[in-house]
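Per TrEMBL, the feature transmembrane segment maps to B:63-83, B:126-149, B:223-246, B:266-290, B:786-809, B:815-835, B:864-884, B:904-922, B:929-949, B:977-999. Sequence annotations record features per position, and here TrEMBL assigns ATP binding site to B:Asp338, B:Lys339, B:Thr340, B:Glu431, B:Phe472, B:Lys495, B:Arg520, B:Thr600, B:Gly601, B:Asp602, B:Arg699, B:Lys705, B:Asn728, B:Asp729. The domain 'P-type ATPase C-terminal' annotation in TrEMBL covers B:751-1005. Annotated region 'Disordered' per TrEMBL: B:1015-1036, B:1061-1105, in sequence order.
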Amino acid sequence: MKAGPSRTNRPDNTAFTQQRLPAWQPILSAGIVIPGFTLIGLAFIGVGVALFVTSQKITDLEIDYTGVAATSPCFKCTSFAAENCMCQMEFTLTTLFEGPVFFYYGLTSYYQNFRTYGVSKDGYQLSGDTYYFNNPQDSCAPYQYDSNNNPIVPCGSIANSMFSDTFQLYQVVNGMKKQVPLDGKGIAWWTDYNIKYSNPALVNGSFANAFSGTVKPVNWSKPVYELDPTDQANNGFLNQNFLVWMRQAALPKFQKLYGRIAEGDYAQGLPAGNYTLLINYSYPVISFGGTKKVVLSNVSWMGGKNQFLGIAYLVIGSLCIVMAMVMLIIYAKYKFTDDDEDM
Amino acid sequence: MSFFGLDCVKKKEKETERKIRANDREHNLSFKYATNAIKTSKYNVLTFLPLNLFEQFQRIANAYFLCLLVLQVIPAISSLSWFTTVVPLALVLSITAVKDAIDDLADLLLLSTLCLSSSHPLSPSLAVSFTLALCFCLSLCCPLGEVCCEPPNNRLDRFVGTLVWRGQKHPLDNHCVLLRGCTLRNTDWCFGLVLFAGPETKLMQNCGKSSFKRTSIDRLMNVLVLFIFGFLVFMCIILAVGHGIWEHYEGTKVMAFVPQQNEDTAFSSFLTFWSYIIILNTVVPISLYVSMEVIRLGNSYYINWDRLMFHTGSGTAAEARTTTLNEELGQIRYVFSDKTGTLTQNIMCFHKCSINGKAYEDSVIDMMMVDFSFNSLADPRFQFYDNNLLEAVKLETLEVHSFFRLLAICHTVMAEEKNNDLVYQAQSPDEGALVTAARNFGFVFRLRTPESVCVVEMGVPRTYELLAILDFNNVRKRMSVIVRSPEGKLALYCKGADTIIYKRLHDRAEESIFAGEGLRTLVLAYKDLDEEYFSEWKQRHHQASTALEGREDKLNQLYEEIEKDLLLIGATAIEDKLQDGVSQTIEQLAKADIKIWVLTGDKQETAENIGYSCNLLREEMDDIFIVAADSPEEVRQELRCVEWCEAYERDVQVTERWHGTEIKGLLILGIIFAYALEGSMELEFLRTACMCKTVICCRVTPMQKAQVVELVKKYKQAVTLAIGDGANDVSMIKAAHIGVGISGQEGMQAVLSSDFSFAQFRYLQRLLLVHGRWSYLRMCKFLRYFFYKNFTFTFVHFWFAFFCGFSAQTVYDETFIALYNLMYTALPVLGMGLFDQDVSDGWSLEYPQLYEPGQRSLYFSKGAFIKCALHSCYSSLVLFFVPYAAVRDSVSTDGHDIADHQSFALLTQTCLTVTVCVQLGLDLSYWTAVNHLFVWGSLGMYFLVTFTMQSDGLHRLYASSFPFVGTARNSLDQVTVWLTVLLTAVLCVLPVVVHRFLFMQLNPTINDKVRLKVHQMKAQPPPPRRRARIRRSSTRRSGYAFSHAYGYGDLVTSKRFLRRPVPSRSAGSTPAGRSAAFRPAGRSAGYSPSGQEQNPKQATEPTELQRYRAVHDATFCRQGVAPE
């Protein structure tokens, strides 16, 4: 009888309730830490060397065409009066610029990551929901409706501030300008093009009709359905440059893909020689102290040129080795005795 | 009850008097007094949700998040979507609500009574006047008795009322009431009249007093949370000012592409401030409190589940009654222990005796248990192992017979026959033990009347005429009876403390009994009396006992006179056995630098002996200071003297280990507490006491126990634990940071007011050294890591602010912000808080020193918190700037730019998640399967959720809710992204590894040492289970106890008890013999309600608790109200 309650009260004898779950109990012993540091150090140095060498091999070329300096060819376009201003920048390649070459435009001091800027768009509108064509979301304010209270499509600050300069690249061959084709297709993310953004359905067989009753963003010269006159498919929200622009940069200094040089004579890259960059200069950056540039670059297995990672890996790898040695010395010299004496 | 609830509607005028009639329901109902239903629950099913939410939002943290939520719906400052706060808040609230619901709805009804009680007339020790009881027995039948009394109040020491019965008025005072929570002893039933019920009972009226205990970590957390708030505001001010400056100098630039809605820089800074309050709110982690609760709950369950704290004998498991104090168990510095029932079993054993110079011992191992089958009246529970004694009895050795005859006659025990079983009601357990011993050896005490004692001596009934009882008191330390044998011989039988009796022996040469062993013994002596002398003495005795002045002194003189020239019969030794493992536990706790103070109501000798037998005092402690002065000045001097001696010794031994001087015992008599706790001497007392290794305070009242605890709490800023088992320990248990109740012998009061309870004192070492230590370690590790991960998470926003124009842009995806604390990092750290152990329980007990870091709050303090914050600061710098540098202008392998905000957010949050996971792995020292599951599961969950949230399908369903579509798959397929993640993790964690490793080598903590040892042992032999520390129990000292109390002589000779029990009365199963029936009085030995007579110097007013105790122990109270 007496054993009855005591047996039922007795807690279960499981590893969990008795806190005896089998466990791995690693400790930071010298046998693990010092070899570990050495190994990490060696591995990092290895990766660092690979990264550094690869990065060194990547060629890139930056051409600033802001035109702040009076000597710059684009200086003339910086005045407010200049409309449809074109300017040319010359550059020379001494060796083959290995392809495929990517053509970027870059901006500095441009806060695409500014919060009120970043939220200023209408996701429904951009996914082709025509209800929002007539009723853009409040987040787009002040680029929600124009002064006549017409809805703006695409609404919001981001769309409104879309980069508007266009570029043409020529190779000067025997004094003749030979256009280097800039392939603007597929420069946007696949997901942006296929999933995130959609054009509205055609209305009466016309794409433009789908946008009837709406107006273009105030800063734009052309409505969204006429962005690319050369390619009917590259219009609306699925315009590649528009998509690239809409993917806001994380930092105030950024570059965005403009086109690829991978066709025809230039499939292997840009041969050595003189080149001319023809710029349709329309995007104002002087007002906020920004700069504009064009970047030509090729890529490797690690992407574009980036010295940082390689150097960081090398430095940290070396530090690991140094620390491993320091720890070894300290361990050898001071390692505590395991006697019970103090315990 | 039909009227229940009505009295709530009608607000009564203030009650001034209460009238209750016995057995008159209508009359009593007419007053609408409270019923016996006590509702301690706060909620019912309907009110639960609103009430609980209201309660929860009163907590400052929850209110804070509610404010945040309000801020977030203001468009101008809303920097985060509402769901980032709502989701965690809802989860936290619902978890807390579920916990509250379980806690609350579990104890809906407690029933209680406060009754005017009469004792069962057959139980003499229940000293409420029998006459009154009889009145009441009668009045139960007729509705004539009416009680007028004071309205309900919370004073336990006071009761005023009158009983009107048959036109006669009888005064009632607090000795006539039984309070809720009292246990009836020595009687099976009693009649009562309910005066106050339910919430009006004195106990319930006192309930509000028990204060809510919080741990020191809780208090620290409150400070830290305030500090964090301050820090949050500070950061936000910096950022707001930054915004102001930025907008002033560069704001125009923003105008080009995002026109400002408001031109005023100051106003925009103001808005930015609030926006950043929202973004950086995660420095005050919403899930912190709820996680802490979960960890504490889990660790409490471990205590409940521990089989090694389960007492098989009583079938009780340890119980964590409060689930919020666990980590405090790892920080205890002072343990205040009760003695009787806590250190000892409170079961008295007849252990040794010496008759005519020959010793009979109980402890001889090879002896068979004595067979008492010859004696049909023997108590089967009695055990004795020395057969020689029985042989001596059977051989009719004269001395042996007179030895047992004395034991059978000279006492104040009552005998009662229940179910043909002889049951003794003894005022003190040791008296019961002695009478039971005599009973088993053939001298059965059968019956007592006021004038006679009936004894069955070796089967022959004999009746001794009881002529006088010379009662026990603290000064006399002896008691005698004068009886006339059936043969007509007059004899005085005396038993008492050895030192006292020796002085009164005829032949003083016999002082050597047990002397070699230094035993404290009860010595038995007798003396034949001359008839003439006695009748003359009797005459004088009668005169003295009726004298109006100096009765006490006169009686004492008379006693002195007759109790001399005694002849020694022998000596007995009664042992209140120590519980198992007490001395070993005390040794362990001492090694863990836990100071143990024994606060006992017992006498000095008893306390000292217990001190020796349980290793508190050791033979090598030669200087045991006994402070027992009579006046404040003397106390001061004695304290100073102790202090001075200490200082002197320290000078002498300065070359030795400093601790050497600490080996001192200090015994303090309770009387001096009246002085010592007076205020001026408080500090002096404390300083002296803390210098000593062991402090034993004897003769302390319950209130003084609490005062001592308060004193240490107040001046030492140390965490205290009080452990006790009886009602007189309740005040101390409530006063200490942690109260531990020993469940078992003494009823439930101590357990009910305790925070933890278990059956045996020895479980204390496991509670503290294993559970407490682990709980503290886990909680501290948890907090450190929790702050680390949240600060790191938040500080990245701070750095990003400098690159986004202080625009309150978030670095991370909003879903990530909402889920980071709830899903990605919650379980691993919870796993650490529930499973981590630095070393196993066996090692924890092997090295009690591991406990010390907890006492010194080394694992989590303000300093540790600052370190955490700095560490976070470093990590967040790495976590922001490494991705920043890696991503700047970077492009993917197919030439797309991946420096967009979404990719950067994904990269940073991946770096963060991986880094905090690795950091957790580094902190975790005990990887169970569950931990593996939690860590890898959380990491897996992060990627799973990220890919799901950014999947095409979800975006097709709700386009605008999932703007991150495709980011993960575009960016996480880049080698550089993973190299960046690796780099940040390594850069964040390796310095920590170096730091820890170097500290472990250069300045190893005790933890490091033990862990390394365990690690090394694992390769070789198995870890030593705890060595059996068989410590030779001191032969010279032993814990023999006296627990006699004054005042029983009068009782047994008065005619206030019935002569014979009613045989037909059905008896319950009240245990007899040495167990339950003896219990109540044992405790009273230390403090008896008539203490003022015994200690006339104790001039202080008895405190409320003392009085409560007095009421509670009404059994010993002689001044019952006798309306004769």
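Numbers here mean position along the shown chain, with the first residue as 1.
Placed from the backbone N, Cα and C atoms, the Cβ positions cover glycine too.
Structure with TrEMBL features highlighted.
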residue  : record           : CB count, 10 Å
B:Asp338 : ATP binding site : 31
B:Thr340 : ATP binding site : 29
B:Phe472 : ATP binding site : 26
B:Gly601 : ATP binding site : 30
B:Arg699 : ATP binding site : 27
B:Asn728 : ATP binding site : 31
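Secondary structure at B:Thr340 (ATP binding site), taken from DSSP and collapsed to helix, strand or coil, is coil.
Taking residue pairs at least 6 apart in sequence, the transmembrane segment (B:977-999) and the transmembrane segment (B:815-835) share fewer than three C-beta contacts under 8 angstroms. If you look at the transmembrane segment (B:904-922) against the transmembrane segment (B:63-83), you find fewer than three C-beta pairs under 8 angstroms, all six or more positions apart, and that falls short of contact. Counting residues 6+ beyond its ends, the transmembrane segment (B:786-809) has Cβ neighbours under 8 Å at 77, 79, 235, 239-240, 242-243, 246-247, 250, 254, 272, 275-276, 278-280, 282-283, 285, 288, 291, 820-821, 825, 829, 865, 868-869, 871-873, 875-877, 879-881, 884, 901, 908, 912, 915-916, 919-920 in the same chain. Note: the stretches the transmembrane segment (B:977-999) and the transmembrane segment (B:864-884) are in contact (3+ CB pairs below 8 A, sequence gap of 6 or more).
With a cut-off of 8 Å on Cβ pairs spaced 6 or more residues apart, the transmembrane segment (B:63-83) and the transmembrane segment (B:929-949) reach fewer than 3 such pairs and are scored as not touching.
Within the chain, the transmembrane segment (B:223-246) has long-range Cβ neighbours (under 8 A, six or more residues past its boundaries) at 60-61, 265-266, 268-270, 272-274, 276-277, 280-281, 283-284, 798, 801-802, 805-808, 862, 865. Within the chain, the transmembrane segment (B:266-290) has long-range Cβ neighbours (under 8 A, six or more residues past its boundaries) at 59, 61, 64-65, 68, 71-72, 74, 76-80, 85, 88-89, 91-92, 95-96, 225, 228-229, 231-233, 235-237, 239-241, 243-244, 247, 260, 786-787, 790-791, 793-794, 797-798, 801, 806-808, 810, 817, 820-822, 826. For the domain 'P-type ATPase C-terminal' (B:751-1005), the predicted model reports an average pLDDT of 91.
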